[in-house]
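Per TrEMBL, the features are:
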{"type": "TRANSMEM", "residues": "123-142", "note": "transmembrane segment"}
{"type": "DOMAIN", "residues": "159-250", "note": "domain 'FecR protein'"}
{"type": "DOMAIN", "residues": "294-362", "note": "domain 'Protein FecR C-terminal'"}
Amino acid sequence: MDISNFSVEDFVLDASFRAWVLNPSPAMHSQWQASLKRYPSKKSEVHQARQLLLNYVQPAAQIPAKEVDQVWDAIAREIQYEEGRDLQKGKIIPLHPNLLLDEEESNATEIVSLHPINQWKRVAGILLFCLTLSIIANLFLATPLPPEPTMLVYMENITTEGQKSLISLSDGSSIMLNSNSRISYPKDFEGEKREVHLEGEAYFDVAKDASKPFIVHTGNTSTLALGTAFNIKSYKNELREIALLEGKVQVNDTDLGKELVLQPGDGVKLDKQNRNLSLYRYDLEMVTAWREKKIIFNETPLHEMVRTLENWYGVHIIIERKPGTDLLVSGKFEDENLKNVLEGLSYTARFTFEIKEKEVKINFN
């Protein structure tokens, strides 16, 4: 595998790397050891990515080696004390593995003869002691005490029709929230993740932090990034769309059980009704238009055109006479008022309109 251009983010998002770190097999271990030998300059990134992944796995507690040594030494002293009279030659074979190795190296030739009954008693006692120690370790030491709960203060920003909002987060990230949208986020990010929840549309410029992934939740879909720029559109009754401008993100939908990794220029469309998650190359101008005060329709369905204009201008649109067929609308407008936009669309879509304060009536010919 060519990992010459891999960053910490790339390693974290790589499925085979995650499997090697969290659930290794001999084959995977050989594969990644070979990759590291080929690209030794990547050891630092691999170490950081590995630590980041392991932060999400709670390891079982282990008895410190020093304490294990003390237990074995105590057992050896006790046996030496109780059985000293039974030894034929005043020498006892130590039980600790390290001591056994030392004993072999000293070429000791003394032979120990123990009474069979006492020997079985000692063996049974040692086994019972070790079993008890194992049970205690599993019941108590392997179960860490839960950390003190941290009370997070959540902020919420809501935009109505015709509004947009620029939000600065505590980590240095920024969010541009589109019309008729809602986003909630912690006032200060705590722990090992930066998580926000979105309804509607927003553009994210995420500050880099390899130790704290940035995750955007939209329903059952989550978008994970370490430091990047992307746009998410998730309005009710419309396709959910994610477009990556910079960096790399991982998109996961728990409902569909699918996961995709995006490169710059990639977009994802999620069709809940047809249970489909598809990858495509997006039009940059279409994605960034709303932030640049542009309205672009490119064979856009009528219902989406209506929603866009309602959100943009804060009006309510009524279709009094619908078109005979499924209409697709096209047009491009930059910082125009509603009347000019409707006039431009009416020539090709063949409709008349009437604007009365915050209400618009449209009749197709």
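All residue numbers here begin at 1 and follow the chain in the order shown.
Cβ from N, Cα, C; glycine included.
Predicted automatically and left uncurated, TrEMBL annotations should be read as such.
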Go ahead and report the DSSP secondary structure tallies for the domain 'Protein FecR C-terminal' (294-362): helix first, then strand, then coil.
24 helix, 31 strand, 14 coil
Over the domain 'Protein FecR C-terminal' (294-362), what does the predicted model average in pLDDT?
92
Helix, strand, coil: count each for the residues of the domain 'FecR protein' (159-250), based on DSSP.
0 helix, 50 strand, 42 coil
